[in-house]
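Novice: The active site, proton acceptor feature in TrEMBL is assigned to Lys35, Tyr256. Positions annotated as N6-(pyridoxal phosphate)lysine by TrEMBL: Lys35. Annotation source TrEMBL lists substrate binding site at Arg130, Met304. Annotated domain 'Alanine racemase C-terminal' per TrEMBL: 235-364, in sequence order.
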Amino acid sequence: MPRPILATIHLGALRHNLAAARERARGARVWAVVKANAYGHGIARVFDALRGADGFALLDLAEAQLLRELGWRGPILLLEGVFEPRDLELCSRLSLWHAVHTDAQIDWLGQHKTQAPHHVFLLMNSGMNRLGFAPGRYRGAWARLNALAQVDEITLMTHFSDADGARGIAHQVAAFEAVTRDLPGGRSLSNSAALLRHAHDAAVRADWVRPGIMVYGSAPDFPEHDLQHWGLQPGMTLAARVIGVQQLQAGDSVGYGSTFIAERPMVVGTVACGYADGYPRHAATGTPVLVDGARSRTLGRVSMDMLAVDLTALPGAGLGSEVTLWGRAASGAVLAVEEVAAAAGTIGYELLCALAPRVPVLVQD
Ligand SMILES: *Cc1c(COP(=O)(O)O)cnc(C)c1O
(Lines of atoms letter the chains of each structure in order from A; the text may use other names.)
(Lines give C-alpha, C1' and ligand atoms only; values in the text may rest on other atoms or scores of the structure.)
Protein backbone atom coordinates (compact mmCIF):
# COMPACT_ATOMS: atom_id res chain seq x y z
CA MET A 1 0.00 0.00 0.00
CA PRO A 2 1.33 3.46 -0.85
CA ARG A 3 1.76 5.92 1.97
CA PRO A 4 -1.76 7.09 2.86
CA ILE A 5 -1.77 10.66 1.62
CA LEU A 6 -3.71 11.97 -1.35
CA ALA A 7 -4.52 15.25 -3.03
CA THR A 8 -7.86 15.27 -4.84
CA ILE A 9 -8.64 17.82 -7.56
CA HIS A 10 -12.38 18.48 -7.79
CA LEU A 11 -13.22 19.33 -11.38
CA GLY A 12 -16.88 19.95 -10.57
CA ALA A 13 -15.84 22.54 -7.99
CA LEU A 14 -13.57 24.28 -10.48
CA ARG A 15 -16.42 24.43 -13.01
CA HIS A 16 -18.70 25.82 -10.33
CA ASN A 17 -16.17 28.48 -9.31
CA LEU A 18 -15.49 29.50 -12.89
CA ALA A 19 -19.23 29.86 -13.42
CA ALA A 20 -19.38 32.02 -10.26
CA ALA A 21 -16.63 34.23 -11.70
CA ARG A 22 -18.46 34.49 -14.99
CA GLU A 23 -21.68 35.46 -13.27
CA ARG A 24 -19.93 38.24 -11.38
CA ALA A 25 -18.19 39.38 -14.56
CA ARG A 26 -21.63 40.11 -16.08
CA GLY A 27 -20.60 39.86 -19.69
CA ALA A 28 -16.95 40.76 -19.33
CA ARG A 29 -14.69 38.06 -20.73
CA VAL A 30 -13.00 35.82 -18.22
CA TRP A 31 -9.36 34.82 -18.14
CA ALA A 32 -8.84 31.73 -16.04
CA VAL A 33 -5.48 32.47 -14.42
CA VAL A 34 -3.51 29.22 -14.49
CA LYS A 35 -0.02 30.42 -13.58
CA ALA A 36 2.12 28.31 -11.26
CA ASN A 37 0.75 25.12 -12.81
CA ALA A 38 -2.81 26.20 -12.11
CA TYR A 39 -2.03 27.25 -8.53
CA GLY A 40 -0.60 23.80 -7.84
CA HIS A 41 -3.59 21.90 -9.23
CA GLY A 42 -1.87 20.97 -12.50
CA ILE A 43 -2.71 22.64 -15.82
CA ALA A 44 -3.27 19.35 -17.62
CA ARG A 45 -5.54 18.14 -14.80
CA VAL A 46 -7.76 21.22 -14.68
CA PHE A 47 -7.82 22.05 -18.37
CA ASP A 48 -11.05 20.25 -19.09
CA ALA A 49 -12.87 21.90 -16.20
CA LEU A 50 -11.68 25.39 -17.16
CA ARG A 51 -12.04 25.28 -20.92
CA GLY A 52 -15.27 27.23 -20.56
CA ALA A 53 -13.13 30.31 -19.84
CA ASP A 54 -12.59 32.85 -22.62
CA GLY A 55 -8.84 32.49 -22.27
CA PHE A 56 -6.01 31.33 -20.06
CA ALA A 57 -3.57 33.72 -18.39
CA LEU A 58 -0.19 32.60 -17.11
CA LEU A 59 3.42 33.63 -17.31
CA ASP A 60 5.54 30.63 -18.17
CA LEU A 61 6.09 30.01 -21.87
CA ALA A 62 6.32 26.26 -21.34
CA GLU A 63 2.90 26.30 -19.69
CA ALA A 64 1.52 28.27 -22.64
CA GLN A 65 2.95 25.65 -24.97
CA LEU A 66 1.35 22.91 -22.89
CA LEU A 67 -2.07 24.56 -23.28
CA ARG A 68 -1.65 24.57 -27.05
CA GLU A 69 -0.63 20.90 -26.92
CA LEU A 70 -3.77 20.16 -24.91
CA GLY A 71 -5.73 21.57 -27.82
CA TRP A 72 -6.61 25.05 -26.58
CA ARG A 73 -6.97 27.33 -29.60
CA GLY A 74 -8.43 30.38 -27.86
CA PRO A 75 -6.59 33.30 -26.25
CA ILE A 76 -3.58 32.82 -24.00
CA LEU A 77 -2.10 35.83 -22.21
CA LEU A 78 1.42 36.07 -20.83
CA LEU A 79 0.90 38.22 -17.73
CA GLU A 80 4.56 39.27 -17.50
CA GLY A 81 5.07 39.49 -21.25
CA VAL A 82 8.21 38.21 -22.89
CA PHE A 83 11.52 37.91 -21.08
CA GLU A 84 13.81 38.15 -24.11
CA PRO A 85 13.41 39.01 -27.82
CA ARG A 86 13.28 35.44 -29.07
CA ASP A 87 10.23 34.72 -26.88
CA LEU A 88 8.35 36.82 -29.44
CA GLU A 89 8.88 34.07 -32.00
CA LEU A 90 6.99 31.67 -29.76
CA CYS A 91 4.27 34.29 -29.30
CA SER A 92 3.94 34.53 -33.08
CA ARG A 93 4.01 30.77 -33.60
CA LEU A 94 1.52 29.94 -30.83
CA SER A 95 -0.52 33.18 -31.14
CA LEU A 96 0.12 34.21 -27.56
CA TRP A 97 -1.05 37.60 -26.38
CA HIS A 98 1.44 39.24 -24.08
CA ALA A 99 1.68 41.98 -21.53
CA VAL A 100 3.99 44.89 -22.26
CA HIS A 101 5.24 46.55 -19.09
CA THR A 102 8.62 48.03 -19.99
CA ASP A 103 10.33 49.93 -22.82
CA ALA A 104 12.64 47.03 -23.66
CA GLN A 105 9.67 44.89 -24.63
CA ILE A 106 8.55 47.61 -27.06
CA ASP A 107 12.06 47.78 -28.53
CA TRP A 108 12.06 44.01 -29.04
CA LEU A 109 8.65 44.12 -30.70
CA GLY A 110 9.89 46.84 -33.05
CA GLN A 111 12.72 44.57 -34.19
CA HIS A 112 10.59 41.43 -34.38
CA LYS A 113 9.82 39.98 -37.80
CA THR A 114 6.34 38.60 -37.43
CA GLN A 115 3.88 37.11 -39.88
CA ALA A 116 0.79 37.99 -37.85
CA PRO A 117 0.63 41.19 -35.79
CA HIS A 118 0.40 40.83 -32.02
CA HIS A 119 -2.29 41.57 -29.45
CA VAL A 120 -0.61 43.15 -26.45
CA PHE A 121 -1.85 44.15 -22.98
CA LEU A 122 -0.21 47.41 -22.01
CA LEU A 123 0.28 47.38 -18.25
CA MET A 124 -0.01 50.53 -16.18
CA ASN A 125 1.64 50.78 -12.79
CA SER A 126 -1.25 52.54 -11.08
CA GLY A 127 0.18 52.09 -7.59
CA MET A 128 1.24 48.47 -7.12
CA ASN A 129 4.83 49.38 -8.06
CA ARG A 130 5.67 45.95 -9.34
CA LEU A 131 5.44 45.99 -13.15
CA GLY A 132 4.16 48.52 -15.64
CA PHE A 133 4.48 52.05 -16.93
CA ALA A 134 3.87 54.86 -14.46
CA PRO A 135 0.77 56.90 -15.37
CA GLY A 136 2.91 59.77 -16.71
CA ARG A 137 4.69 57.43 -19.12
CA TYR A 138 1.73 55.30 -20.16
CA ARG A 139 0.46 57.29 -23.13
CA GLY A 140 3.95 57.53 -24.58
CA ALA A 141 4.26 53.76 -24.42
CA TRP A 142 0.82 53.39 -26.00
CA ALA A 143 1.81 55.71 -28.87
CA ARG A 144 5.03 53.78 -29.51
CA LEU A 145 3.14 50.47 -29.62
CA ASN A 146 0.41 51.92 -31.75
CA ALA A 147 2.97 52.99 -34.35
CA LEU A 148 4.39 49.46 -34.74
CA ALA A 149 3.33 47.28 -37.66
CA GLN A 150 3.99 44.30 -35.36
CA VAL A 151 1.08 45.29 -33.10
CA ASP A 152 -2.55 45.30 -34.14
CA GLU A 153 -4.41 45.45 -30.86
CA ILE A 154 -3.63 47.12 -27.54
CA THR A 155 -5.68 46.27 -24.47
CA LEU A 156 -5.21 48.52 -21.45
CA MET A 157 -4.38 46.77 -18.20
CA THR A 158 -3.57 47.43 -14.58
CA HIS A 159 -3.34 45.35 -11.41
CA PHE A 160 -4.57 46.12 -7.88
CA SER A 161 -2.49 45.92 -4.72
CA ASP A 162 -5.32 46.14 -2.17
CA ALA A 163 -8.49 44.74 -3.73
CA ASP A 164 -8.72 42.32 -0.78
CA GLY A 165 -8.26 44.88 1.97
CA ALA A 166 -9.14 48.14 3.61
CA ARG A 167 -7.27 50.46 1.27
CA GLY A 168 -9.30 49.24 -1.68
CA ILE A 169 -8.92 50.12 -5.33
CA ALA A 170 -10.41 53.57 -5.82
CA HIS A 171 -7.06 55.37 -5.98
CA GLN A 172 -5.77 52.98 -8.63
CA VAL A 173 -8.98 53.07 -10.66
CA ALA A 174 -8.80 56.87 -10.64
CA ALA A 175 -5.16 56.86 -11.80
CA PHE A 176 -5.98 54.37 -14.55
CA GLU A 177 -9.04 56.21 -15.79
CA ALA A 178 -7.43 59.63 -15.76
CA VAL A 179 -4.81 58.46 -18.22
CA THR A 180 -6.79 56.03 -20.38
CA ARG A 181 -10.15 57.81 -20.67
CA ASP A 182 -9.84 58.68 -24.36
CA LEU A 183 -7.67 55.77 -25.48
CA PRO A 184 -9.28 53.11 -27.68
CA GLY A 185 -9.11 49.40 -26.86
CA GLY A 186 -10.36 46.96 -24.27
CA ARG A 187 -9.56 47.15 -20.58
CA SER A 188 -8.61 44.61 -17.92
CA LEU A 189 -8.27 45.46 -14.24
CA SER A 190 -9.65 42.87 -11.85
CA ASN A 191 -8.18 39.89 -10.05
CA SER A 192 -10.37 37.65 -7.86
CA ALA A 193 -10.58 40.05 -4.94
CA ALA A 194 -11.63 42.94 -7.16
CA LEU A 195 -14.18 40.76 -8.93
CA LEU A 196 -15.63 39.56 -5.63
CA ARG A 197 -15.58 42.84 -3.70
CA HIS A 198 -15.66 45.68 -6.20
CA ALA A 199 -17.22 44.47 -9.44
CA HIS A 200 -20.55 46.21 -8.90
CA ASP A 201 -18.66 48.98 -10.73
CA ALA A 202 -18.76 48.33 -14.50
CA ALA A 203 -15.42 50.12 -14.93
CA VAL A 204 -13.85 47.56 -12.60
CA ARG A 205 -15.33 44.61 -14.49
CA ALA A 206 -14.35 46.29 -17.77
CA ASP A 207 -13.79 43.99 -20.77
CA TRP A 208 -11.67 41.23 -19.29
CA VAL A 209 -11.45 40.00 -15.70
CA ARG A 210 -8.57 37.89 -14.40
CA PRO A 211 -9.73 35.62 -11.57
CA GLY A 212 -7.20 33.17 -10.20
CA ILE A 213 -7.62 32.11 -6.59
CA MET A 214 -11.42 32.17 -6.61
CA VAL A 215 -11.46 29.64 -9.44
CA TYR A 216 -9.60 27.27 -7.15
CA GLY A 217 -12.16 27.83 -4.41
CA SER A 218 -10.31 29.98 -1.91
CA ALA A 219 -11.34 33.40 -0.57
CA PRO A 220 -8.68 36.07 -1.16
CA ASP A 221 -9.96 38.19 1.74
CA PHE A 222 -9.95 35.72 4.62
CA PRO A 223 -10.57 36.19 7.53
CA GLU A 224 -13.01 38.93 6.57
CA HIS A 225 -14.74 36.38 4.33
CA ASP A 226 -14.30 32.70 3.65
CA LEU A 227 -15.11 30.56 0.64
CA GLN A 228 -18.65 29.83 1.82
CA HIS A 229 -19.38 33.53 2.01
CA TRP A 230 -18.44 33.85 -1.66
CA GLY A 231 -20.24 30.66 -2.68
CA LEU A 232 -17.05 28.91 -3.73
CA GLN A 233 -16.15 25.23 -3.49
CA PRO A 234 -12.67 23.91 -2.70
CA GLY A 235 -10.85 22.80 -5.84
CA MET A 236 -8.28 20.78 -3.94
CA THR A 237 -8.42 18.46 -0.95
CA LEU A 238 -5.30 17.29 0.85
CA ALA A 239 -6.02 14.30 3.06
CA ALA A 240 -3.99 11.66 4.85
CA ARG A 241 -4.58 8.97 7.44
CA VAL A 242 -3.65 8.40 11.06
CA ILE A 243 -0.79 5.88 11.02
CA GLY A 244 -0.02 5.87 14.75
CA VAL A 245 -1.73 6.64 18.06
CA GLN A 246 -0.11 7.73 21.34
CA GLN A 247 -1.65 7.96 24.80
CA LEU A 248 -0.23 10.92 26.72
CA GLN A 249 -0.11 11.69 30.43
CA ALA A 250 -0.03 15.20 31.85
CA GLY A 251 3.48 16.59 31.29
CA ASP A 252 4.22 14.51 28.17
CA SER A 253 5.40 16.41 25.10
CA VAL A 254 4.75 15.99 21.39
CA GLY A 255 7.23 16.16 18.51
CA TYR A 256 10.53 17.92 17.84
CA GLY A 257 11.45 20.59 20.33
CA SER A 258 8.72 19.47 22.73
CA THR A 259 6.79 22.61 21.87
CA PHE A 260 3.48 21.09 22.98
CA ILE A 261 3.12 19.72 26.50
CA ALA A 262 -0.06 17.93 27.59
CA GLU A 263 -1.77 19.37 30.66
CA ARG A 264 -3.95 16.30 31.06
CA PRO A 265 -4.22 12.80 29.60
CA MET A 266 -4.61 13.02 25.82
CA VAL A 267 -4.85 10.86 22.71
CA VAL A 268 -2.61 11.94 19.83
CA GLY A 269 -2.89 10.73 16.25
CA THR A 270 0.20 10.73 14.03
CA VAL A 271 -0.74 11.62 10.45
CA ALA A 272 1.12 10.71 7.25
CA CYS A 273 1.58 14.30 6.11
CA GLY A 274 4.51 16.62 6.72
CA TYR A 275 6.27 19.63 5.30
CA ALA A 276 7.80 17.52 2.52
CA ASP A 277 4.24 17.09 1.27
CA GLY A 278 3.68 20.84 1.18
CA TYR A 279 2.01 21.18 4.57
CA PRO A 280 3.38 24.36 6.18
CA ARG A 281 5.99 23.75 8.88
CA HIS A 282 5.04 27.09 10.43
CA ALA A 283 1.55 25.82 11.27
CA ALA A 284 1.50 26.14 15.04
CA THR A 285 -0.28 24.00 17.61
CA GLY A 286 -3.98 24.60 17.11
CA THR A 287 -4.01 24.71 13.31
CA PRO A 288 -7.41 23.30 12.29
CA VAL A 289 -7.81 19.83 10.73
CA LEU A 290 -10.79 17.56 10.17
CA VAL A 291 -10.61 14.03 11.60
CA ASP A 292 -13.26 11.85 9.99
CA GLY A 293 -14.94 15.13 9.15
CA ALA A 294 -14.88 16.53 12.72
CA ARG A 295 -12.83 19.60 13.55
CA SER A 296 -9.73 19.12 15.62
CA ARG A 297 -6.26 20.68 15.77
CA THR A 298 -2.60 19.98 15.22
CA LEU A 299 -0.24 19.53 18.16
CA GLY A 300 3.45 20.49 18.28
CA ARG A 301 5.80 20.92 15.33
CA VAL A 302 5.13 19.60 11.86
CA SER A 303 7.92 17.23 10.85
CA MET A 304 9.07 16.27 7.37
CA ASP A 305 6.73 13.32 6.88
CA MET A 306 4.28 13.47 9.79
CA LEU A 307 2.27 15.75 11.99
CA ALA A 308 0.28 15.19 15.16
CA VAL A 309 -3.42 15.81 15.72
CA ASP A 310 -5.53 15.85 18.85
CA LEU A 311 -7.89 12.86 19.05
CA THR A 312 -8.76 13.31 22.74
CA ALA A 313 -12.32 14.50 22.14
CA LEU A 314 -12.91 12.07 19.25
CA PRO A 315 -13.40 8.62 20.80
CA GLY A 316 -14.33 7.10 17.41
CA ALA A 317 -11.06 8.21 15.82
CA GLY A 318 -7.91 6.13 15.68
CA LEU A 319 -5.62 4.22 13.38
CA GLY A 320 -6.75 4.71 9.77
CA SER A 321 -8.91 7.74 10.46
CA GLU A 322 -9.19 10.20 7.59
CA VAL A 323 -7.49 13.51 8.32
CA THR A 324 -8.38 16.38 6.01
CA LEU A 325 -5.59 18.95 6.02
CA TRP A 326 -7.65 21.23 3.78
CA GLY A 327 -10.56 20.89 1.39
CA ARG A 328 -13.52 18.56 1.62
CA ALA A 329 -13.79 15.52 3.92
CA ALA A 330 -15.60 12.35 2.90
CA SER A 331 -18.44 13.50 5.17
CA GLY A 332 -18.79 16.66 3.09
CA ALA A 333 -17.39 18.95 5.81
CA VAL A 334 -15.12 21.67 4.44
CA LEU A 335 -11.92 23.09 5.88
CA ALA A 336 -10.87 26.21 3.95
CA VAL A 337 -7.25 26.24 2.87
CA GLU A 338 -7.13 29.95 3.73
CA GLU A 339 -7.96 29.12 7.35
CA VAL A 340 -5.09 26.64 7.56
CA ALA A 341 -2.83 29.17 5.87
CA ALA A 342 -3.75 31.90 8.33
CA ALA A 343 -2.69 29.64 11.20
CA ALA A 344 0.68 29.27 9.49
CA GLY A 345 1.10 33.00 8.84
CA THR A 346 0.55 32.73 5.11
CA ILE A 347 -2.19 32.69 2.47
CA GLY A 348 -4.10 29.88 0.79
CA TYR A 349 -2.35 30.62 -2.51
CA GLU A 350 1.00 29.56 -1.07
CA LEU A 351 -0.26 26.25 0.31
CA LEU A 352 -2.00 25.30 -2.94
CA CYS A 353 1.03 26.20 -5.04
CA ALA A 354 3.35 24.30 -2.68
CA LEU A 355 1.67 20.91 -2.96
CA ALA A 356 4.70 18.64 -3.23
CA PRO A 357 5.35 16.46 -6.27
CA ARG A 358 5.57 13.35 -4.08
CA VAL A 359 1.87 13.58 -3.16
CA PRO A 360 -0.26 11.34 -5.40
CA VAL A 361 -3.12 13.21 -7.08
CA LEU A 362 -6.60 11.97 -7.88
CA VAL A 363 -8.69 13.91 -10.37
CA GLN A 364 -12.37 13.66 -9.60
CA ASP A 365 -15.31 14.90 -11.60
C1 LIG B 1 -2.01 36.28 -10.38
C2 LIG B 1 -2.64 37.39 -11.11
C3 LIG B 1 -4.02 37.47 -11.19
C4 LIG B 1 -4.94 36.55 -10.41
O5 LIG B 1 -4.91 36.92 -9.06
P6 LIG B 1 -5.87 36.21 -7.98
O7 LIG B 1 -5.64 36.98 -6.75
O8 LIG B 1 -5.39 34.80 -7.86
O9 LIG B 1 -7.23 36.29 -8.53
C10 LIG B 1 -4.57 38.47 -11.97
N11 LIG B 1 -3.78 39.34 -12.64
C12 LIG B 1 -2.44 39.30 -12.58
C13 LIG B 1 -1.63 40.30 -13.32
C14 LIG B 1 -1.83 38.33 -11.80
O15 LIG B 1 -0.49 38.29 -11.73
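Keep in mind that glycine also has a Cβ here, set from the backbone N, Cα and C atoms.
Not measured: the values here are computed from a predicted model.
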Novice: Provide, as an integer number of angstrom, the distance between the C-alpha atoms of Lys35 (active site, proton acceptor) and Arg130 (substrate binding site).
Specialist: 17
Novice: Mind giving me a neighbour count for Tyr256 (active site, proton acceptor)? Other Cβ atoms within 10 Å of its Cβ, every protein chain shown.
Specialist: 11
Novice: C-alpha of Tyr256 (active site, proton acceptor) to C-alpha of Met304 (substrate binding site): distance in Å?
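Specialist: The separation of the Cα atoms works out to 11 Å.
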Novice: CB neighbours of Met304 (substrate binding site) within 10 A?
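Specialist: Looking across every protein chain shown, the total is 12.
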Novice: So what pLDDT does the domain 'Alanine racemase C-terminal' (235-364) average out to?
Specialist: 98
Novice: Among the recorded positions Lys35, Arg130, whose Cβ has the fewest other Cβ atoms within 10 Å?
Specialist: Arg130
Novice: Kindly report the helix/strand/coil residue split of the domain 'Alanine racemase C-terminal' (235-364) according to DSSP, in that order.
Specialist: 19 helix, 50 strand, 61 coil
